[in-house]
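Over in Swiss-Prot, the protein carries these features:
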| type | residues | note |
| --- | --- | --- |
| BINDING | 90, 92, 93, 113, 125, 126, 176, 183, 262 | ATP binding site |
| ACT_SITE | 252 | active site, proton acceptor |
| BINDING | 253, 262 | Mg(2+) binding site |
C-alpha cells in the first residue's frame, strides 16, 4: 500500500507545453475538513481504504499542501454549449494536479475541482460549492457500481470559505480521478483556432496513451475516432437502460474516453418519463432524457468536424453511421437482461418499446419495476405491478406477451431471480436522497452522505437496515430540476 503523501507522479499532459494548459497554483480554502472519501477510488491509487489521517486529506485537497512532483495546470479547451460554439472555455475552477501511476502501471489524473481562479474563470470565482461537490462525488462512485463508465471521485473537502450563488453557500473541493481529462472540446479549440499542428500533437498524445491499439491500423486517427464512437454508443446505451439523465451534454462535457464526465444537474428517473428534463436551465429540452441519443451523435459529429485536418471526411462519416446501430444493439442487450431474458428473439425490441410506452404517463417507478419483476414468478410479479399502470388492459397485453416470452426461454425461477437481481439495482441515486444528504452536510453532519455513498457502492445487494434508501421519493422530491449553478 502507498501513503497519501508518497504517490508516484508522471505528468505527461503537462509536458505537452504551454499551448495546452497554464500553470496555476491552488488557492486554499479556509478551515478545510474531510466530508467523505471513497475506498474504491482510493484503491485505484493503491491507498488504504481507511482515511485515518483526515488532516492530511484536508491539507492536500483543500489547497494548503502540494506534492513536490505535482504540476498543477489549468487546461484550455472550447466547446458547443446548448448547440452554440463557445470559443474559449477551459478549466475555470479546476486544476490538473498531475498524473499518478499505480502499481498496475495505470495512469490516473488527479483533478482538483474548486481550486480557485484560473485564466479561464470567465468572471467566476473559481470555487465549487459543497452542494454540487457532494452531488458529483455520489454520482462518480454510484455509476461505476452500476457498470456505467465514469470519472471517479476520491473525496470532498468542505470549508468555511463563503461563496455566493443563488444564496450564500460554503466552498468545497472535489478530487476527481480519470485516466484522462481530454474532452471533445480540446480538439475543437485547436481546430477552430486553426492551430492544426497542436491539434495533431494532441491527437498523437491521446492515440499513444489511450488508444495505443489503433497505432497498428492503416489510418490510426480514423481507427481512434471509430473507437470513440463505439465507446460512446455503449455509454449512452447504459445511461438509457438505467434511466440516467446527464443534463448538460455540451461537447466540453464529453470525455474522449467515452466515460460519464462533468456531473451537473443530473438525475436518475423516478417515474419513467422519456421527456424528463433534469436541468432547470434547459427550457427547450435539448438535453432531455429522450434526446440523449441524438445529442451524443451530434456531439460526435462536432468532434468529427474538429478531426477533419487529420482524417478523411468519408471515414469520419462511416464511423458516425455506426453509432445508432451500435447503440441499439447495446441498449437492447441491456434491456433484455433487465427483463431476465438470456437469449435474443425477433420481437424483443417491440417488447421493450411497448413496456416503455405503457410506463409513460403511469406512476411506475422505473428502477423498482425491474427489481420487483424478478422477485417472484412472472405471473405473481406482473399481478402486483399491474395497479401502477394507467391503462391496465394495455399492460395486461404486454404482460401476457412477456409471460409467454419467459416461458419459451425456460429455466427455473431461482436462476431467473439471481440473474435479474444482478443487473437490476435495489438502490439508485435518487435526487431526494442526495438532497437530504446535502442538507445534513451543510449543517456539518456528514453521516448521511457517507452512509448513502456506502449503500450505493453495492446497489444490487440487499443491505439489512437500509430499506429507507429503496423508497420512492416523497411528493417534494419527485421530478426535481437541478440548477447548473455549482
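Including glycine, each Cβ sits where the backbone N, Cα and C put it.
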Chain-internal residues, separated by at least six, CB under 8 A from residue 252 (active site, proton acceptor): 77, 78, 79, 80, 81, 86, 89, 183, 184, 185, 262
Pairwise Cα distance for residue 253 (Mg(2+) binding site)/residue 90 (ATP binding site) [Å, integer]: 11
Number of other Cβ atoms within 10 Å of the Cβ of residue 262 (ATP binding site) across all protein chains: 21
Cβ packing number for residue 125 (ATP binding site), 10 Å threshold: 17
Secondary-structure category, per DSSP, in which residue 253 (Mg(2+) binding site) falls: helix
For residue 93 (ATP binding site), nearby residues of its own chain (Cβ under 8 Å, 6 or more apart in sequence): 113, 114, 115, 116, 117, 118, 121, 124, 125, 126, 127, 128
Maximum Cα-Cα separation (Å), residues 90, 92, 93, 113, 125, 126, 176, 183, 262 listed as binding ATP: 23
For residue 262 (ATP binding site), the three-state class that DSSP assigns: coil
Cβ neighbours within the same chain of residue 90 (ATP binding site) - under 8 Å, at least six residues apart: 74, 75, 76, 77, 118, 119, 120
